[in-house]
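In what follows, a single structure is set out as structure tokens and then discussed.
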Amino acid sequence: MSMTDVLSADDIKKAVGAFAAADSFNHKKFFELVGLKKKSHDDVKKVFHILDKDQSGYIEEDELKFVLKGFTAEGRDLSDKETKAFLAAGDKDGDGKIGVDEFTTLVAES
């Protein structure tokens, strides 16, 4: 499954382009622009599983760094500061990673 099976290619391009500048990433705005906010709970879970590259059931910090590339190969890497802020926003239980329930909550709160 690819991201374009769940989200529109145009929305992905627009959302990733909006955060092309270093240290400009905002997960709330990104989820809105990419159309994830309007998707069903099941579709949000599908996106989580695409981003969970090692299929561990969690999105760890090293996977978060490449989150924009998970949406499109043209995406940039997040800076360490952006990655840590994104992790802090999503990691509700403090275990250093984002589980599927934490991810769906993060998207819903955006």
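Please read every residue number as a count from 1 along the shown chain.
Using the three backbone atoms N, Cα and C, a Cβ is placed for every residue, glycine included.
Database features, via TrEMBL:
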type    : residues                 : note
DOMAIN  : 39-74                    : domain 'EF-hand'
BINDING : D52, D54, S56, Y58, E63  : Ca(2+) 1 binding site
DOMAIN  : 78-110                   : domain 'EF-hand'
BINDING : D91, D93, D95, K97, E102 : Ca(2+) 2 binding site
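For the binding-site residues given as D52, E63, D93, the lowest number of other CB atoms within 10 Å of the residue's CB is seen at D93. The Cβ of D54 (Ca(2+) 1 binding site) lies under 8 Å from the Cβ of E60, E63, each of which sits 6+ residues away along the same chain. Of all the binding-site residues listed (D91, D95, E102), D95 has the fewest other CB atoms within 10 A of its CB.
A distance of 9 Å separates the Cα atom of E102 (Ca(2+) 2 binding site) from that of Y58 (Ca(2+) 1 binding site).
Across the structure, D91 (Ca(2+) 2 binding site) and D52 (Ca(2+) 1 binding site) place their CA atoms 15 angstrom apart.
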